[in-house]
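Undergrad: Below you'll find the structure I mean.
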Amino acid sequence: MDIGSAILIIGFAALVAAFLLLVIGLVYAELMNSDIPCGVANRGKLHMVHGLFVGIAVVARILHRLGICHQVSFTRWFVACFLSHLKQVSAGLRVKDLTFSEVPVRVYEPTSVCDGLRRGLMYFHGGGWILGSIDSVDEVCRHIAIESDTTVISVGYRLAPEHRYPAQLDDCEKATCHFLSVAETEFGVDSHRVAVGGDSTGANLAAALCQRLACSEDRHLPFPCAQVLIYPALQMADFNLPSYQQNHAVPILFRGRMAFYFLQYLNGDVSLCQEVLEGNHVPAELRPRYELWLSPSNLPPECLTRGFYKHPSPEYDGEVYHAIKDGLEHEVSPLLADDALIQKTPRTFILTCEYDVLRDDGILYRKRLLDLGKDVTWQHVLDGFHGMINFFNQGWLTFPSAVQVVDGAVHYIKTL
């Protein structure tokens, strides 16, 4: 080997070492900002998983800044290649990839003999409106279909940043209406026993879809019989609720990240994150109404035991409001809908996790529904954290409490 080649090899090795040291340093810094309370299930594993996700995010950010690829594209690629493993379809289930009104869907049909028509579930995956896919919730949908003897339709709606609001909700509506129109003739499903549901931002889409359909004057199709909301994101008016304060640094969803996702969904201007977190986007005339619905006094006393302080009154910024005003409408923030609209929604299942910034969104929505005399079933996972459903039946990534989450939904669906 000549001297020139040796220098090139040494230089390349030094570059790789420097890159690895940079990644390790950034990952370590991010991990030091996290806080996993003692009550969280499987704390050690969550630390490890959080480290993995932070590492992915750091590498994605570096590649993005070097102009090699977009950070979202890299994250999606990594998750698809290493964290979404499709298994062979088990006996008792038929799985088909189809399109409903040009929206990709995956249909899970139990093959057992059914006396009459089956129930159905439209399922919308989570992922902050920018991540997630049909594959990412494949195990969950298979389990729900088999254990509840339900035909499940998993919807592959369009994602941000390529597609902004309302593209995601539009796709969910088109797929749902298509299925309702052919449920009985093509799938042997009772169209009056079709529920909508999802996890996290997928649950947001399910709740928003029910409200959109309730507003529709074209009601020739049956209305969803229920909404199944697993740790839903339901409002972007207040990021200082007790759950946001108590769990602001609990993986895998930090307080600041939720504001980031809302902004990516709406317009992509993430420079507004801090303004939104402070509440500067809410006009003074809307605050009394929102405070009535979002007041910590509406929460069970146990939600305040880990501490809470009243956030100072924010300074309204009209420019910020006009940039994100769609986010305060009911199709993005279903919790902020008028009573008359919420009154029209179907029976509801809400699952919340104690160590989740979105805990209070679900609990406050339950309160509004109950105050209006609606039928609500609530399940609270005391040792749960946000995103648990992504670790259902995922080999070494599996969290036992994820079974509790999925089986809670299964138990409810069997009552429909």
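Any Cβ shown, glycine's included, is placed from N, Cα and C.
Below are the features listed in TrEMBL for this protein:
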- S200: active site (ACT_SITE)
- D356: active site (ACT_SITE)
- H386: active site (ACT_SITE)
- 121-269: domain 'Alpha/beta hydrolase fold-3' (DOMAIN)
- 326-389: domain 'Alpha/beta hydrolase fold-3' (DOMAIN)
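Walk me through where these features lie, including what they touch and how far apart they are.
TA: All protein chains included, S200 (active site) registers 28 other Cβ atoms within 10 Å of its own Cβ.
Sequence-distant neighbours of H386 (active site): residues of the same chain at least 6 apart with a C-beta under 8 Å from its C-beta are S200, Y231, N247, V250, I252, L253, C353, Y355, D356, V357, L358.
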Undergrad: Among all the protein chains here, how many other CB atoms are within 10 A of the CB of D356 (active site)?
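TA: There are 25 such Cβ atoms around D356 (active site).
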